[in-house]
Amino acid sequence: MHRNTIAVLAGAQLAAAGLYPGVTADNHTCALADPVLSCSKGAVPGKVDTCCVETFGGLVLQTQFWDTQSGFESQGQKYPPATWTIHGLWPDFCNGSYTQYCDLSRQYDPHPAPNTTDGTPHGTPVPPYTGPSIETFFEPYGKMDLLAYMKKYWINQGAPNWELWAHEFSKHATCYSTFQKECYGPKASEYDDLFQFFETVISYYKTLPTWRWLSASNIHPSNRTSYSLSHIQAALTREYGVVPYLGCGGPRYNETKAGKGSRDNGGTQLNEVWYYYHVYGAPQRNQALRVPADIAGGSLTSCAKTPGAIWYYERAPGSETK
Ligand SMILES: *[C@@H]1O[C@H](CO)[C@@H](O)[C@H](O)[C@H]1NC(C)=O
Ligand SMILES: *[C@@H]1O[C@H](CO)[C@@H](O)[C@H](O)[C@H]1NC(C)=O
Ligand SMILES: *[C@@H]1O[C@H](CO)[C@@H](O)[C@H](O)[C@H]1NC(C)=O
Ligand SMILES: *[C@@H]1O[C@H](CO)[C@@H](O)[C@H](O)[C@H]1NC(C)=O
Ligand SMILES: *[C@@H]1O[C@H](CO)[C@@H](O)[C@H](O)[C@H]1NC(C)=O
């Protein structure tokens, strides 16, 4: 949810309707379209059907969390053992910046963050959603299997799970050209876009077993042994093929006893990984090119770089499902 890149404003006009005014609900049969690679020269409106080729947020990130406690364990919000959990699937611009809350007619986030579309006091306000939990959307559409999977692998911290799902959809999914409402045809049902987004996130997530990939290099959660960034990066790069982004929270290294006097102010608790892609056609097709996390020039980590500075903590007792 926090980003090290800078949000750019794509303007209030985005908030009103679809990303591209004039796109109708007809003729988006993506099987008929060439799956042009996002961020390539041909992946632009006018040359392709923007419902079938991602032209807006072409740098796609599957983001995952490693948290040690949810704070909602008493309500059954626990973590699957030996598994990182889902954060989201973000559409960055090809240059690495991004925008958010692109369609306020699909606003299900009860705590919009930021609370304006561009994050500044002058931006368009994002009104908090006050309707029922989006969990109630699933049953009438026969999507209880999807809901069950999300409850298991898409875990929020400090608030009910559905608020994270709603946040990810309204903040990020609305900023894909390929998840625009008009892409679903004139007779789409109300939540086709929502369910298809959740399913797409899962289809990427399932190919990215971070816990197992770290474990293969002997990197296991431990409250006794710390790790080096270079070791973690090498382990994931070996499996993913290119380097992902690693996020760390907790005290900064030079705020800890071990790091006193150091200039290294990176975080010391490993808690996120972001896997970057360009996608062939629409992300829904789940055919993508893995790209390094610094492809658009961004940084590769917020973690401390000093050898042995990073903790990959075990989860709290009682925070995992049996
Ligand atoms: C949709 O495609 C059909 C068949 O190619 C064509 O006749 C029709 O004009 C198209 N409609 C729109 C709105 O583009
Ligand atoms: C990045 O790309 C977006 C979308 O094309 C554009 O609006 C924005 O100005 C660009 N930002 C930079 C820093 O070039
Ligand atoms: C957004 O949040 C800030 C800081 O809490 C607050 O001052 C501002 O009034 C809020 N703006 C809107 C549009 O809700
Ligand atoms: C930590 O490092 C940063 C960057 O080198 C520096 O600006 C900051 O003053 C340091 N903080 C402490 C407590 O040493
Ligand atoms: C490991 O440490 C973390 C962070 O301090 C803590 O939240 C967790 O409860 C600890 N786990 C165990 C099994 O002691």
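From the backbone N, Cα and C atoms, a Cβ is placed for every residue, glycine too.
Note that the structure is a prediction, hence the values are computed from the model and not measured.
Per TrEMBL, these features apply:
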type	residues	note
ACT_SITE	His87	active site
ACT_SITE	Glu168	active site
ACT_SITE	His172	active site
SIGNAL	1-25	signal peptide
Discussion item. DSSP secondary structure for Glu168 (active site), reduced to helix/strand/coil, please.
Written reply: helix
Worksheet item: Including all protein chains shown, what's the count of other C-beta atoms within 10 A of the C-beta of His87 (active site)?
Response: 24
Worksheet item: Looking at the active-site residues His87, Glu168, His172, which have a C-beta within less than 6 Å of some atom in ligand 1?
Response: none
Worksheet item: Can you check what DSSP calls His87 (active site), collapsed to helix, strand or coil?
Response: strand
